Amino acid sequence: MNRLERAISAIHVLDELAGRNTLVNKLHPLAKLGAVLCFILTVLSFDKYALSGVVAMGIYPVFLYQLADLSLCEGIKRFRTVAFLLIGLGLANVYFDTAVLLNIGGIAVSGGWVSLFVLLLKGLWSFLAVYFLIATTGMEQICYALQLLHLPKVMSVVLLLTYRYLILLLQEGSRMSAAYALRAPYSKGIAFNAWGTLVGQLLLRSIDRAQTVYESMALRGFDGTFYLQRAADGKGALAFVLPSLGFCLVFRLLPVFAILGSLL
């Protein structure tokens, strides 16, 4: 299985997870969206040197994954690509911010390294929260929740179609890669002089398939309005949102680890 096929499989796995009949999946999409957005905003609000506070926020996604019966290792594995981007953004800080901020076992740690680690943790917690939301809700129901928040209908439709177009793009890319490999079985990868033609064909074929999908949706009466696909548990949603908001409030305003350390 090549990288394109693995990417397609990963998206299909997300759709299958969203279709499960678990307690978390039955919660109202707006409740999960609100809790995740509140958590992400809380994580991002921490200072770039607030290492202990950001570390403490990791309790929430770990709890969510246990509650939803999701693989935390799989979520962290999907974070790898994003991690490289964040490392690239944060490395410059290591060279410019050289003031010693921590001293761990006689090893001086500069503010640049602390801010880089905090940036990675912020990205990881946010990514895990979004992965949880998609894996337990589904993109259609997320768009439904966004419309309940009065997001313009055009933007929610564009979000859904972009998600679906990504799958079509990967599928067409996988087919073209397989076709090229069959025609040039002894070549190592795709030749440089063939990239222009292949990218152009990929764009045209994926746009054609996307247009067909949209026309099929329109023929079935899709007008940009999303609906709740199954009965939601209102009491369960309240029992999920209130503790989530309480967690974010307590862990943002109070130094929880410092308080626990003083008690112990």
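Note that Cβ sites are derived from N, Cα and C of the backbone, with glycine treated the same way.
Residue ranges 79-96, 115-132 are listed, and TrEMBL annotates 79-96 among them as transmembrane segment. Residues 110-113, 115-116, 119-120, 123-124, 127-128 of the same chain lie 6+ residues outside the transmembrane segment (79-96) yet bring a C-beta within less than 8 angstroms of a C-beta in it.
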